[in-house]
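Participant: Below is a structure I'd like to ask you about.
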């Protein structure tokens, strides 16, 4: 690690050694560090990262009630199974906490992650039946729901206003003692894999707390880093950034390397260490131990798939796992850029050239790029929308993965913040959510005309989502996904003004740091986790083109329709912009085994000229379409003033649509949203009659022509 050691101070007798390497510096804090730390605390307070004592006591009380309920329930189960009275009296049972609450860094109103530990005679089925019924009888309990089929089965509830997720683990013990230490590896012997997964959260959290030199310094630093990550929209495990436990491990490693430092120094050192870290070298808090329990652990020497992880951060408890297997080329690029900017800002703060507030200013994602893909998910009811959005969101990283493998795309940057989408039809009850992905196109040397066809990437993504929805019996007829290409200046038609804020000519993107969103809510499941801002300093593409929308027609239509479409012209002048950072994204990065194994039709090669007639029938799929409106945004406009440093461009965008009369209703779908626009485009695929059990396959066509 290229970090210089600060002059070693004479400190107390030799202290305990933390981590797998010796510390970088043992320097004790100076008075200026203490003053800066106090200023950091004052800056953090308005963001709601500290909970009031009263609220904390309320949480402790609620967990106490829950703990008593667990003990009572286990006694009842023991009696019903005719255990001896002597065993029943000492049978125990306990609620353990993990995650941000256990680490002591939860924010106001954050949920609590809990684990119910039971003795061997209590089954998981008891937890989801009799314990669930017991919770149902409690008057403080609202919104009770069981998710028994999840990867880690869970009961979710709201107890007296606090949201709690309760996992279940049954240990191979006759009784559960009060002083049980879950870090003991021998507890894992003979356990069901779901119990091992459920125990993992607690074991990892407890290990982290035992592996840092000073818990108070660790907590304050972690609060600051988590707020920074949320404000900069790089806090979302599900979308390929980092979740709470990964941020905690990075901060813990920093604390190990600077064991005597306090928070103001540690925040700075965090950015120093991880802006220079040579990924994919793993971050480890301790040397992995082998337990001979034959559980799969992260080990690139043994598991070929582990060799392709881009940013490994390894959990310290057996079985060791990589907590960041979702990270992609693009998300890592975005995060490393953010680390570098964080270092530059904290350098200024330490030199008294800036205040802490500068670190927590939120950049504007919607000024950063010239091209965006907007994904829309819609469902007929709010309950269905929640399920549908959860599924779509969990698959977005697959789309990002295939976009960044496109030979013309350098970066595909998804904003983890989701937004309510404008209604397609004001008279129809419909719940819509959208996500925005920023695109950076590669500058290529020798070609005059480049055609970029994103149709395959979008289609294989929608195909995956629909198939999973159907396989898990979740799919309902009016659940839809749509995608469209939108230019920066068109975003105002889709997004609320308070999100876009500062937008106009000549604004240097590095100076954008406005956001009205308070993103201090603690959430590892990025349902509405903040949006990332990639740190490319200039906006990616100089473009004068515009988007092409697609509208899939109503289901029972049998007439085939073909759309004549002239490809959008997107000009990319040869400017020296920081967007061409590295050629990594054209490498085909193998995906981890966790991705669904969908094998769509072979990817079409990207042709030099887009054919003017697109027959979007996918012969490889005898499947058909469920109506999936995709709102098209198309607009003729002159280039931004600041967008043509070298040449002015004239541009013609034409759209010839020859469609059969059956399509009138689909074209209307865009009308309510895009009434202000000059033209709206539709790209309609062939629609065979619906078979008895349809698998919807979306033929989303997004084609851009990059012009020199």
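Even glycines carry a Cβ here, placed using N, Cα and C.
Pulled these features from TrEMBL for this protein:
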- 98, 99, 100, 107, 111, 112, 113, 165, 226, 235, 244, 245: ATP binding site (BINDING)
- 111, 113: Mg(2+) 1 binding site (BINDING)
- 1-15: compositional bias 'Low complexity' (COMPBIAS)
- 517-528: compositional bias 'Low complexity' (COMPBIAS)
- 529-551: compositional bias 'Polar residues' (COMPBIAS)
- 577-588: compositional bias 'Low complexity' (COMPBIAS)
- 608-622: compositional bias 'Polar residues' (COMPBIAS)
- 639-652: compositional bias 'Basic and acidic residues' (COMPBIAS)
- 657-669: compositional bias 'Low complexity' (COMPBIAS)
- 364-432: domain 'Poly(A) polymerase RNA-binding' (DOMAIN)
Participant: If you draw a 10 Å sphere around the Cβ of residue 98 (ATP binding site), how many other Cβ atoms fall inside it, taking every protein chain shown into account?
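Facilitator: There are 23 of them.
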Participant: Suppose we draw a 10 Å sphere around the Cβ of residue 244 (ATP binding site). How many other Cβ atoms does it contain, all chains included?
Facilitator: 25
Participant: Just to be sure I understand the packing, how many Cβ atoms besides its own are within 10 Å of the Cβ of residue 111 (ATP binding site)?
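Facilitator: Excluding its own Cβ, the number within 10 Å is 20.
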Participant: Averaged over the domain 'Poly(A) polymerase RNA-binding' (364-432), what pLDDT does the prediction give?
Facilitator: 87
Participant: Sort out the sequence-distant neighbours of residue 113 (ATP binding site) for me: same chain, 6+ apart, CB within less than 8 Å of its CB, listed by position.
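Facilitator: Residue 113 (ATP binding site) has long-range Cβ partners 97, 98, 99, 100, 101, 102, 164, 165, 167, 201.
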